[in-house]
Every structure is written in structure tokens, then in C-alpha cells.
Amino acid sequence: MYLLPLPAAARVALRRLGVRGLWDRGLSTADMTKGLVLGIYAKDKDDDLPQFTSAGESFNKLVSGKLREMLNISGPPLKAGKTRTFYGLHQDFPSVVVVGLGKRSAGVDDQENWHEGKENIRAAVAAGCRQVQDLELPSVEVDPCGDAQAAAEGAVLGLYEYDDLKQKKKVAVSAKLHGSGDLEAWEKGVLFASGQNLARHLMESPANEMTPTRFAEIIEKNLKSASSKTKVHIRPKSWIEEQEMGSFLSVAKGSEEPPVFLEIHYMGSPNATEAPLVFVGKGITFDSGGISIKASANMDLMRADMGGAATICSAIVSAAKLNLPINIIGLAPLCENMPSGKANKPGDVVRARNGKTIQVDNTDAEGRLILADALCYAHTFNPKVIINAATLTGAMDVALGSGATGVFTNSSWLWNKLFEASVETGDRVWRMPLFEHYTRQVIDCQLADVNNLGKYRSAGACTAAAFLREFVTHTKWAHLDIAGVMTNKDEIPYLRKGMSGRPTRTLIEFLLRFSKDSS
């Protein structure tokens, strides 16, 4: 145990407020390693007082109303997502952070397409936990704030930071549920957030560390520790050649790093022969653009061009931990896209697994080339659903930015399921057009059956989706273009700056709901 010195200014403030702190009383037995995050709602009416949550009200009574007294005279009412820290109120919690939750009545917002109350909890709890981390306290108890799952997600997502390769690291903070609330919901939230953090870790890691082989090994380790109902196949280049995945191989051949086709199985259904859901993820572990090389500015971000593979694999790991009663298969073609004497050249023609030929007019449109073969292979499992995720186009970022994942699908039923899941998680999706209008722009090709570029500069995300559709015959397929949500600057308050791991939680929620519908 160590003693955290109370800041001098805070000690003066406490004395002026008439609160004799633990430091004044000399209680050496106090637990100085633990913080507490409590929620308070905004006023519903102008003449109302802001109301504590149940946990907040209980703590206020425990300290004889001092928390309310200090809060009232320390500044204006807390707005949603804002925090205020108090010291020395109780020997078990030397630091108490009160967080603004917004209005208690906040629910699903049909314009924002999310549950505002849940989002407020995630943002507020994340801010409170970071305050505790800044105080270098290794433990924090968190008020469930009326939704223990959302609170857990805010805590675990908000505290995560990739510092694996730094000598100086932030204090690791262990977040626990405060009181005897809904522990099951809290643990579910921890699981959802941990799944997203796994994707963030994979995406943030530098490309010289996170090679195709290393990526596959990490997923294998995580999946096998999640459940015994799993199988992992790390397919080498020779297997890819046997499968005649010429489109995938054409991208991989430019790099000295060997390609890997990762195939993971979670067999949760009591019926071993039940048709699976198949998730497919783009796995470019570094994208230089190839011969059609990218500008050097921000090229380092292309270490996360395997975000599709990271999110779908992390979602399946989470589904295995949840022990969902369904069968799921994950497919991830993994390679680098590099320029060399062996690399694809503009104008080359390659052949996909289904026999279709592809004219490669731009080697930086490589994600669709590797997905084409993976989508063809996905059909061999006779799946119920095929969903692929990919950081596919800069055009998607231009269209939606970081507000939502773009979804292109041939199934309104599948769209509705994904949308409903996203409202729950706050990691939103938005339906994009899959018109024949765009298909004509990719099949009008001089040398081959299909071109990896659209005929015109405009609607790049739509023509990329139309290209993928040429390799899909399944009637329940969705393509998630996650290029716009790949990173977070300051848009999502409960995620730190860096790779976002989105939309992992939405995929987990989709799987959870699908499993309930199936049963």
C-alpha cells in the first residue's frame, strides 16, 4: 500500500468546505489505492436538483451528505461526460470522481440511431476512470449507473491504451463493479469491451511486429483460451496455391513476408452439422499501395489495414467466450501489399478462385482482390450468412467519416439485424446503395471480366462493393466498409486517440441476437 499525497490546493478547498480529510485525521489504515466513480443525472426541470444514481445516493448518505454539499458549492451542475473529483470523504475511497450522465430519461434517439443513455454512461464512466488513472491509483470501483454493461464498456474501453513498446507506461487500473449490482451485465460489458480492445491491439501494433504469421498466432492463442469448441487452421502459401486463389496471391507476391490464410472455427451449436455463419475480414497487415504507391504522409496508419480481419476475429473470440449456441467460421486472407519486382503492375490480369479474371488497374485497390478469393471460399461452407469487413476505400471515409460503418447488403433482413445491434452498442452502421448502376462500372472492362477500379472517380465505396458482389452468390451477404471508423481522434469520447477496433462490439451483439433468434 502507498499513500497518495492530496494536492495542497485540494486540502485548502476541503478545509474551506468544512470537510476534515483522512489526511487531517491521520488515518493510516485508509486504503489509498482505490478510487470510486459515481454518477449524477442532469436536472429534468429547471427547478429540480440533479439526482445521484442509487449508488451515488447511498454513498452520499454514508458520508452524511458531504458529497452533495461539496458538489453544490464546487461549481455548476455537471454536464454529460464531465467530471469533478473530491478527496478525503471516506477512508475506503481517498478519491471520488462524480461524473455527469445527462438526463435520466435519455433513451433511443431515432435521429442519432443509438441509445443516448447508454452512450452517456460509456462516455462518463470512461472519463471518470481516466481521472483515477491520472491519480495513479491502481484500482477503481464503478457505479453501474443504471446499466452495468454500458458502465463496464466505458471503463474497459476508456482505460485502454497501446503502450506495449514504451518503457514508461500508464498505471494499469483494475475496474470493478461498485456495490451488489448486476454483476452478470458488468461481466458481459467487460467481455464486449475486451473484444474491441483485442482488435485495437492488433490494429495498433506496428507492421514489423504484426506480420501475417504473428496475427494468426495471436488469434489462435486467444481463441483456444476462449473455448474448447474451436479449431484454427493457419494455411500456408502452398495451400493458397492449391485453392487457386490467384487474386490473393497476386497481392501477396510483392512482399518478402509470406501470406497466410487464417481459418477459424467456433462450433457452439449442439448440432455439429448446423450451417455456420461465415465472417470474412480483409487482412492487409501493411498497405504501401504497391506499385501504385501511396503518399508517404500518414502511410504509417496502413499498419491497420487489417482492421477487417482484426474485428471479425475478435468478435468470434468473444462469441466463443459467451458460449453462444451457433457455429461461426472466420476467414482472413493475410499479407502485405508492397512494391517490388514481383509485385502486381497496373494493367495486369489475375484469376480468382471462381475463374473470373480481374484487370488490376490500380494496385492500391488490393483489398478487394484478396477478399474476392476469400468470399468464393466462404460459399463452400453453405453458410446461413456471409458478412465481410474491410478498411476498403478512402471514399467511405469521405462519405461517412467516423460517424458510422457503411453497410452494403443484398438482404434487408440482414441489414435490419445489423442496424438493431448497432443501436444497442452505439457503434453505428448506415446502409449504402448496391445498385446495378455501380456494377456496370466495374464489369465494363477492356481486358478481363471485371476491373478492380470503377469506370469513374466518383462513388468509390459503391463500386468497390459492386466489385465484391461479383464474387458472391449468397442471398444473405453484407459488406462492411470500415475505412472511416478505423481510427479515433476525439470523436468517440470513451476511446483514446488511435486505432478504434470498430465495429467489433456491433458484430458481437449481432451474433448474440442471432443466437437467441436461432434458439
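Start at 1 and count along the chain as shown; that gives each residue its number.
The backbone N, Cα and C atoms fix where each Cβ goes, and this holds for glycine too.
Looking up K237, K253, K455 in Swiss-Prot, the residue bearing an annotation of N6-acetyllysine is K455. Of the listed residues (K82, K168, K489), Swiss-Prot tags K489 with N6-succinyllysine; the rest carry no such note in the record, though that does not show they lack it.
Taking S58, S74, S139, S180 one by one, Swiss-Prot attaches phosphoserine to S180. Summarising the environment of K221 (N6-acetyllysine), the number of other Cβ atoms within 10 Å of its Cβ, over all protein chains shown, is 12. In the three-state DSSP reading, D287 (Mg(2+) binding site) counts as strand. Most Cβ neighbours within 10 Å, among the recorded positions K45, R368, K476: R368 holds that distinction in the structure as shown. Note: D287 (Mg(2+) binding site) has non-local neighbours K294, M302, D305, E336, N337, D364, E366, G367, i.e. same-chain residues 6+ apart with C-beta under 8 A of its own C-beta. Close to the recorded Zn(2+) 1 site, the chain also has V251, I284, S288, G289, G290, S292, K294, M302, D305, N337, T363, A365, G367: residues not among D287, D364, E366 whose Cβ is within 8 Å of the site's Cβ mean position.
Of all the modified residues listed here (K455, K489), the one with the fewest other CB atoms within 10 A of its own CB is K489. When the modified residues K61, S238, K489 are ranked by how far their Cα is from the Cα of R303 (Zn(2+) 3 binding site), K489 comes first.
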